[in-house]
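Comments concern the structure below.
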Amino acid sequence: MRPAATKASPPCPICGKPAQPETRPFCSPRCADIDLGRWLGERYVIPGPEDEEMPRPPRSDDGDRTR
């Protein structure tokens, strides 16, 4: 009978070291903070629809333009 194979976790996306269960998918809180800083600094972006304007909120036009 073979021993159960242990599932290897993917490497840390920041430094490549083995990920730790406490900070998964990162190897340490430091790498998790680096990743967060990259998101907050807009170094990572999620692509959106191309060549489309963002929808505008509806106007509440009550007819009074003297304000």
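Each Cβ is built from the backbone N, Cα and C atoms, and glycine gets one as well.
Whatever TrEMBL says is automated annotation, not expert-curated.
Per TrEMBL, the feature Zn(2+) binding site maps to C12, C15, C27, C31. C15 (Zn(2+) binding site) falls outside any helix or strand according to DSSP and counts as coil. Listed in sequence order, C27, C31 are the same-chain residues at least 6 apart in sequence whose CB falls under 8 Å from the CB of C15 (Zn(2+) binding site).
The annotation compositional bias 'Basic and acidic residues' is assigned in TrEMBL to 54-67.
Annotation source TrEMBL lists region 'Disordered' at 45-67.
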Other than C12, C15, C27, C31, which residues of the chain come within 8 Å of the Zn(2+) site, judged by Cβ distance to the Cβ centroid of those residues?
P11, P13, I14, G16, K17, A19, F26, S28, R30
